[in-house]
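Colleague: The structure that follows is given in the form of C-alpha cells.
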Amino acid sequence: MVRKIAIYGKGGIGKSTTTQNTVAAMAHFHDKKVFIHGCDPKADSTRLILHGKQQVTMMDTLREKGEDECTPDKVIEVGFGGVKCVESGGPEPGVGCAGRGVITAITLMEQHGVYEDDLDFVFFDVLGDVVCGGFAMPVRDGKADEIYVVASGEMMALYAANNICKGMVKYAEQSGVRLGGIICNSRNVDGELDLLQEFCDKIGTQLIHFVPRDNIVQKAEFQKKAVVDYDDTCNQALEYKELARKIIENENLVIPTPMTMDELEELTSKYGFLD
C-alpha cells in the first residue's frame, strides 16, 4: 500500500532540497517507486529530479487549456530513478489563492488515480507553515498519512515546527495523520543537535535524522542534480540514503504535544538564543 508523506517546515529551511535528495536516495539505493507532488507556487519541488527542467504546472494547464487537458500524461514528468513528478503551481502573482490551487491539484490527481499507480511512496512538498487552509490540506483532509518537519537549530525554524505540530493536533483525530519525526537540515549553529533532540523529546517525537551541512549539496544543485545523482559515493549521499532508510522503516508515528511559546523561549534561551 502506498504511503503518503507530507514535508513541512519554515520557508527557506530546505524542504524541497531535502525532499528531492531523500526521494532520489529512496529510488537509487532502496529501489522504491516514488511520486513527488510539489505544493508550492514557486514550482521548484522537482527541479533536481528533472535535471533543471521547468515543469508545466497543473494550474497553468488549467488556466490555459482547461480541465480536460489537465491529465496525468500532460502534467506528470519522470526523472532520476524513475521518480514521477508533478507541480501544482499557483495563480498569477497578486491574483487568487495558491492554497486553493493545491486543493484543486491534489483533488484532480486523486480523481485520475495517480497516487495508487503501483507506487511505494507519495511525497507532498508543502509551502511553509500550516496557517493557510489550502496548504494544510494534506494534514486536514488526510491526504497524507505521515508528516515530517524539516527544522534546524534556529529559533524561527523551531517556532514554525511547533506551529505545524499545533496544526497537526487540531486535525489529527479526524484525518488520522501522524508525525513521523523531525529532520534536522543543519545550519551549523552551536548546540544544534542537542537542541533539536531536546525539542523532539518535549513534543513527543523523534529526531529521525540529522543531515549535516555539506557544500556538495550546492555543487550538485549547480549541476541541477540531486546529490546521489551527482556522486552516489560521497558522504552526503550516504546521509540521504540513511534518512531514506529510516523513513522507509519508521513505525514511530505520533500525535505531537506542541510547546507553549513560553516553553519554547525557555528552551531556546537555554542554548543561548535569547541572551
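Here the Cβ of each residue, glycine as well, is placed from N, Cα and C on the backbone.
Remember, it's a predicted structure, so these values are computed and weren't measured experimentally.
Residues or ranges marked as ATP binding site by Swiss-Prot on the basis of sequence analysis: Gly9, Lys10, Gly11, Gly12, Ile13, Gly14, Lys15, Ser16. Annotated [4Fe-4S] cluster binding site per Swiss-Prot: Cys97, Cys132, in sequence order, evidence recorded as similarity to another entry. Swiss-Prot lists Arg100 with the feature ADP-ribosylarginine.
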Colleague: Name the residues of the same chain, 6+ apart in sequence, whose Cβ is under 8 Å from the Cβ of Ile13 (ATP binding site)?
Modeller: Val150, Ala151, Ser152, Ala157, Ala160, Asn185
Colleague: Look up Gly9 (ATP binding site) in the DSSP assignment and report helix, strand or coil.
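Modeller: Note: Gly9 (ATP binding site) is in a strand by DSSP.
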Colleague: So for Gly11 (ATP binding site), how many other CB atoms are inside 10 Å of its CB?
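Modeller: The answer is 12.
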